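Engineer: The following feature annotations were taken from TrEMBL:
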- B:Thr180: active site, nucleophile (ACT_SITE)
- B:Thr146, B:Lys169, B:Thr180, B:Glu260, B:Asn379, B:Ser384: substrate binding site (BINDING)
There are 2 protein chains.
Amino acid sequence: MSVTAAQGFTAAGVAAGLKENGNPDLALVVNQGPRLAAAGVFTSNRVKAAPVLWSEQVLAGGTVSAVVLNSGGANACTGPLGFQDTHATAEKVADVLGYSAGEVAVASTGLIGLRLPMDKLLPGIERAAAALTPDGGEGAAIAIKTTDTVHKTAAFRSEDGWTVGGMAKGAGMLAPGLATMLVVLTTDADLDAGSLDKALRAATRTTFDRVDSDGCMSTNDTVLLLASGASGSAPEYAAFAEAVRAVCADLAQQLVRDAEGASKDIRIEVVGAATEEDAVEVGRSIARNNLLKCALHGEDPNWGRVLSAIGTTSAAFEPDQLNVAINDVWVCKNGSVGEDRELVDMRYREVRVTADLAAGSQSAVIWTNDLTADYVHENSAYSS
Amino acid sequence: MSVTAAQGFTAAGVAAGLKENGNPDLALVVNQGPRLAAAGVFTSNRVKAAPVLWSEQVLAGGTVSAVVLNSGGANACTGPLGFQDTHATAEKVADVLGYSAGEVAVASTGLIGLRLPMDKLLPGIERAAAALTPDGGEGAAIAIKTTDTVHKTAAFRSEDGWTVGGMAKGAGMLAPGLATMLVVLTTDADLDAGSLDKALRAATRTTFDRVDSDGCMSTNDTVLLLASGASGSAPEYAAFAEAVRAVCADLAQQLVRDAEGASKDIRIEVVGAATEEDAVEVGRSIARNNLLKCALHGEDPNWGRVLSAIGTTSAAFEPDQLNVAINDVWVCKNGSVGEDRELVDMRYREVRVTADLAAGSQSAVIWTNDLTADYVHENSAYSS
């Protein structure tokens, strides 16, 4: 049910030796056609890794034959030589598979500021190419893991015969624009690059872009959507866009549930906003409040920290009209004490924070995680 | 060397019973004149505690006879009744001391969203007034502590016979605009409220406003400067402003050094910026990057996380011209690998991060702390 759920795709994951522990670290996803249409969205960080700079150029053409992804090194902040490494990676895939390098997207994840061991990566590509199969999606998903504890895949099958499938990796540096992650989606629907681009941007805007696990934006975020047309079915745009959104939402949820060190998945819904932008700004401010994230970790329904986070935004609201619910108990009404906080049951992993700005009818949902000692331990010991 | 270092001030700290553990929790600072000039700056959080709303009105008049401060409760998000409690507190001080309530500033700190126990607070004011002495500054500084492990005082004595002294509290919710803190500064210099206001705003802009311990902005931040004129000396503005800045810088450093759970004090200096605003924006972005704060906690000179933080800003820079030093080792040059990271000695509490944007000649310094398991523990167990 991964990137090979749709017809017309093969994939593989191998251990090229980039990771010291010998785990799989190189994935290849190949579009067998007949179409080679593609779209991509990338990190909005101005410090972009070499593979992001490369793949942005590739995607500008709207055609992708293959995607090569590696864990074990981000190839970010590696200068012109790092960009040459990405170029050589694409050339190697093109050589082995008989494509043009300009149609090979590259994605990398791992430590920033280290060159990739090309003497291991290039032979790994040959082995991955030799291992390509129509059921290699799971292996590919496993090979892109970094601190992920599980690999992440999803798929949607239409009754009309077309499918959208995908894989994702991401556990830390999760923040909007995008969350720190690599995602490859595939479909056998027969659609052109323009339709793919429109559907992908619409889907990421309300899914991956609204996961804000730790407020840190990566240099490597990449989300690709490849279409083979192999089903022979050309779906209505709306139905296809909804399928892409559903698969992105599924994968985004898996990222939240596997966030580094987290013990709570926190769903922040901002309602009553004057504009959707206001709702998103307030949601992100709440999601990034370390004190609140600690309180929710401790199962303390500390609504004062929600209000102090809202108060730092430029959204339209009056302080004495704000309402906040935690797990559906309205602990803050009209900017002051509401229902008894003892009524809030926080035993479960999911926590729902609802902030009502009482300023309009717009809303947005942002997902984040709690802040835990395990997060600190993982990120003070692991260089990433 | 606290708020009673300057002539013309008395102070006291008592245990009114607001804190369950029986520690001192109520402080009174009284200006005995002959002048009663004052200035104040307050949190820029739009959700403001009742004492902030009250004291902003008081300070608009430029005259303050007394300041009453309590720990054990923030009186924030307590609605109209909370504001009435603040008003009653000022009235009580005015009654006991024979002043007008409109000249009594109020500051509170502690848990948001709980009413203050006025049946304990009002009798406490009587006892504090009875205990006022010209050497009560230390006692007052102790009474405003919350999670602070030490009380914080500072003073500057001019050779011309005038003094600036002060006290501060603050250990968590430290973020700009201002850091979460209560500060009272006093001077016996003979200056009007306009000069005090100008000197105080200039001083806080580059001291308290550039402490960003945990990115969380409080509802209660208050910094007051009171002048008694008791020295009979009217200093040059420049000399006085520098003294105020020095005392603020001293107290701001004490806040950083006592930040909740911190094991590192991190000095982030942004140089080569096109504008001071750019330097501050970049400094804050670095200061708020949880992954970097974890890495520095683990004594890992992870410059990649510095670059990824810079990349989220709108400051003028080119990614391939960025330089980063950690403890004076330029581990990143021209956006890529620089000197050997093994050369960075991170054994000491102070860590210096220097980010060179190579885009101009402006600079700024922001202070923050590392992110630790102790911070998580303290803030998931303690409701504040």
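Using the three backbone atoms N, Cα and C, a Cβ is placed for every residue, glycine included.
Just so you know, TrEMBL annotations are computer predictions that nobody has curated.
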Engineer: For each of the binding-site residues (B:Thr146, B:Lys169), count the other CB atoms lying within 10 A of its CB, then report the residue with the highest count.
Structural biologist: B:Lys169
Engineer: Can you count the other CB atoms that lie within 10 A of the CB of B:Glu260 (substrate binding site)?
Structural biologist: 27
Engineer: Check each of the binding-site residues B:Lys169, B:Glu260, B:Asn379 and report back the ones whose Cβ is under 8 Å from some Cβ of chain A.
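Structural biologist: Contact set vs A: B:Asn379.
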Engineer: B:Asn379 (substrate binding site) has how many other Cβ neighbours within 10 Å of its own Cβ?
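Structural biologist: Step by step: centre on the Cβ of B:Asn379 (substrate binding site), count other Cβ atoms within 10 Å, giving 29.
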Engineer: Could you check what DSSP calls B:Asn379 (substrate binding site) once collapsed to helix, strand or coil?
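Structural biologist: It is helical.
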Engineer: Going by DSSP, is B:Lys169 (substrate binding site) part of a helix, a strand, or coil?
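Structural biologist: Its secondary structure by DSSP: strand.
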